[in-house]
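**Q** First the structure, which I've put down as structure tokens, then a few questions once you've had a look.
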């Protein structure tokens with residue numbers, strides 16, 4: 001347990017979170033602009049959850065020894081990983097059990113104070129259909145891979161929530 005406490009208070013732990021999520025975001029942009037796979041509105045929402053993980057890693061890496069910074073990072077991490085898993089599962093259900101009554105919107109519904117689709121339409125404007133499964137790897141769709149990734153982030157969050165929020169009194173090497 002003490003190793004988890006120590007690791008959660010190191011900048012490298014938070015940078016691993018940030019760069020792994022950055023890799024997912026880079027993959028999404030590769031699929032969109034190199035492989036020409038159009039993202040659906042649910043894919044855009046999942047992309048926002050990945051950005052939440054990037055932000056969580058960035059916040060946590062600023063000053064990981066301070067409890068309040070770890071708390072903010074852990075909060076962003078928990079919300080983003082759970083929300084991403086929920087969205088990935090909903091999209092998987094739409095693709096696995098297609099129904100004409102269960103479709104997704106063509107336009108994202110971002111809050112008026114944060115219209116990401118207007119600010120950065122090249123990243124946050126959906127152009128695809130939720131029911132399409134344009135890519136698979138090892139018999140799993142992109143949606144299933146994102147679900148696996150978010151479940152992994154959620155499990156890692158659950159492993160780190162308790163040790164990450166424990167207060168560890170700094171030791172004085174001169175005493």
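Backbone N, Cα and C define each Cβ position, glycine as well.
Worth saying up front: this structure is predicted, and the values here are computed from it rather than measured.
Here Swiss-Prot flags 40-43, 104-130 as disulfide bond, drawing on sequence analysis. As annotated by Swiss-Prot, topological domain 'Cytoplasmic' applies to 1-13, 65-71, 164-175, with the evidence given as sequence analysis. As annotated by Swiss-Prot, topological domain 'Periplasmic' applies to 31-48, 90-144. The transmembrane segment feature in Swiss-Prot is assigned to 14-30, 49-64, 72-89, 145-163.
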**Q** Could you pull out which residues elsewhere in the chain have a CB under 8 Å from any CB of the transmembrane segment (72-89), counting only those six or more residues past its ends?
**A** 14, 17, 42, 45-46, 49-53, 55-57, 59-61, 64, 143, 146-147, 149-151, 153-154, 156-157, 160-161, 164-165
**Q** If you average per-residue pLDDT over the topological domain 'Cytoplasmic' (164-175), what number do you get?
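**A** Mean pLDDT, the topological domain 'Cytoplasmic' (164-175): 57.
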**Q** Whole-number answer please: how many Å between the C-alpha atoms of residue 40 (disulfide bond) and residue 104 (disulfide bond)?
**A** 8
**Q** Report, in whole Å, the straight Cα-to-Cα distance of residue 43 (disulfide bond) from residue 104 (disulfide bond).
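**A** Residue 104 (disulfide bond) and residue 43 (disulfide bond) have their Cα atoms 11 Å apart.
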**Q** Check the DSSP secondary structure of residue 40 (disulfide bond), expressed as helix, strand or coil.
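**A** DSSP call for residue 40 (disulfide bond): coil, neither helix nor strand.
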**Q** Determine, to the nearest whole angstrom, how far the Cα atom of residue 43 (disulfide bond) is from the Cα atom of residue 130 (disulfide bond).
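**A** Between the Cα atoms of residue 43 (disulfide bond) and residue 130 (disulfide bond), the distance comes to 8 Å.
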**Q** Measure from the Cβ of residue 43 (disulfide bond) and count the other Cβ atoms within 10 Å, all protein chains considered.
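**A** Taking every protein chain into account, the count is 25.
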**Q** Enter the number of other CB atoms within 10 angstroms of the CB of residue 130 (disulfide bond).
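**A** Excluding its own Cβ, the number within 10 Å is 22.
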**Q** For residue 130 (disulfide bond), what is the secondary structure state per DSSP, taken as helix, strand or coil?
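**A** DSSP call for residue 130 (disulfide bond): coil, neither helix nor strand.
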**Q** What does DSSP give as the helix, strand and coil breakdown of the topological domain 'Cytoplasmic' (1-13)?
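**A** The composition, in the requested order, is 10 helix, 0 strand, 3 coil.
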**Q** Please report, as numbers and ranges, the same-chain residues at least 6 past the borders of the topological domain 'Periplasmic' (31-48) whose CB is under 8 Å from any CB of it.
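**A** Contacts with the topological domain 'Periplasmic' (31-48): 25, 84, 87-88, 90-91, 94, 104-108, 116-117, 123-130, 132, 134-135, 142, 146.
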